[in-house]
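Working notes, beginning with the structure itself.
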Amino acid sequence: MASRAKSLLSRLAEELGVLSILHSSRDTKLLCLQRFTRLFAYGASTLILALYLSSLGSSDTRIGLFMTLTLLGDVVISLLLTLVADGLGRRRILVLGAALMVASGIVFAISGNYWVLVAASIFGVISPSGNEIGPFRAIEESTLAQLTPTHIRSDIFAWYTLVGNAGTACGTVACGWITQGLLSKGWTEIGAYRVIFGVYAVLGVVKLVLSLLLSDQCEPELPKQQYQEVVQLDSVEAEGLLLDDEDYSDQPSSKSKPMQQPPPLPEMKRKSIWPAISAESRTTLYKLSLLFAVDSLASGLVPLSWITYFFNRKFKLPEGQLGTLFFVTNIISSISNLVASSLSKQIGLIKTMVFTHLPSAIFLALIPLPSPSYGWLAMTFLILRSCMQNMDQAPRQAFLAAAVLPSERTAVMGAVNVVKTLSQSGGPVATGWLAGIGKFWVAFLIAGGMKASYDLAMLKMFLGYKSREEEDEQMKQRRNRGTREGNNHA
């Protein structure tokens with residue numbers, strides 16, 4: 001009985017990816033810890049971002065414009081930093097991003113000028129949605145894909161997503177109750193909110209230190225072409241030495257002929273900081289970018305900042321209860337990611353992405369329908385949405401990592417994140433306009449419909465798609481089969 005229970009627990013740990021994360025490298029654990037710290041800060045600031053701007057006298061339309069400008073600024077910063085990350089060094093870019101995070105937290109903690117805050121959010125790192133912003137995710141996911149074997153990659157991405165959601169959950173609940181505690185002691189709303197941004201800057205320092213602890217293993221591997229050039233150099237040098245030795249050994253020293261010059265060495269190509277993306281990967285990138293743009297525009301209509309603002313205004317939920325509500329939703333979302341990892345092994349990545357994301361889109365559209373006296377029903381829809389909201393994230397990133405070459409991952413993932421952020425940036429200003437004319441609820445309906453359309457299109461375009469790694473594995477198996485059959489025939 002004891003052995004059977006032990007076997008069951010071992011199987012459960014394997015299915016949930018517990019063994020994969022426990023046996024992962026030190027750098028993998030550091031990257032996950034960085035993500036927790038960063039998303040803790042994002043969750044804390046996002047809960048009160050719209051409320052902070054409102055307390056400074058900004059209208060709903062200006063709050064929406066603020067979020068849009070923040071996301072547009074992130075597009076520029078992320079595109080530049082992710083494209084050159086592999087050329088300049090991934091750790092350097094992560095350190096630079098953390099420094100920008102510290103700077104933006106300090107500015108928000110000491111300034112109340114609308115345009116100064118806009119500039120700080122554009123050039124720094126402030127998340128209106130509570131999700132990833134800046135270059136961090138693309139670089140970290142590319143590094144994790146490099147550090148992780150293919151067969152456990154979905155497990156690692158699931159845990160990477162889980163710790164991020166857990167960080168957001170802890171950040172929202174901590175922010176909510178700290179803010180409510182300060183307000184109960186007589187603090188002004190603006191003063192209480194600025195304390196949270198001070199904590200945000202401190203967490204940026206913690207992330208910077210964690211980035212400095214990463215090892216050289218996080219840097220990109222040398223492409224095969226460069227390996228071949230090095231081998232050619234070694235072969236030519238060795239050949240030249242052998243020619244010299246033969247010349248001297250065959251002739252007497254007094255009649256030795258002049259030393260033969262070795263053949264000219266092949267010119268080494270200078271490594272560019274700009275990545276090269278193959279034609280096949282570009283085709284996949286275009287298709288995914290189009291689909292992700294639709295999904296991200298829908299997410300931009302209802303980012304976490306707007307959802308907290310909606311619940312605070314319509315259902316009169318105070319900051320502490322808001323923090324607890326989103327703590328619950330994020331914890332549920334975190335646990336569901338482990339289920340997604342196990343499910344993807346059974347039915348595949350694409351089906352897992354679609355069949356879990358589609359119900360969450362329906363629940364999103366239902367959130368604004370209850371009247372103010374039925375706030376509990378709206379919260380129920382929000383919690384039901386959270387059960388499956390992020391279950392597509394780990395399978396989606398595992399699919400994207402497998403669909404392109406290893407040397408292309410950082411650039412491709414960065415480009416995808418830029419497309420997503422650019423699309424998402426159009427949402428907040430539209431929602432701000434709808435809120436300003438008393439049609440806030442329309443944003444939820446449109447977002448739910450767009451997300452459902454994205455799911456169905458993803459299923460149609462990529463069901464049965466074979467990734468680069470799957471094609472290489474099948475080709476290797478065919479070659480091995482042919483070799484065995486040839487040996488048997490012989």
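Yeah, the Cβs are placed from backbone N, Cα and C, and that goes for glycine too.
These figures come from a predicted structure and were not determined experimentally.
Per TrEMBL, the range carrying the annotation transmembrane segment out of 18-36, 227-245, 322-340 is 322-340. For the transmembrane segment (157-179), the neighbouring stretch richest in Cβ pairs under 8 Å, chosen from 39-57, 191-214, 290-310, 322-340, is 322-340.
The transmembrane segment (191-214) and the transmembrane segment (39-57) are in contact, since at least 3 Cβ pairs between them lie under 8 Å (pairs 6 or more apart in sequence). Recorded stretches compared: 63-81, 93-126, 290-310, 322-340, 360-384; the one with the most Cβ pairs under 8 Å to the transmembrane segment (39-57) is 290-310.
Most Cβ pairs under 8 A with the transmembrane segment (93-126) among the ranges 63-81, 290-310, 322-340, 360-384 are made by 63-81.
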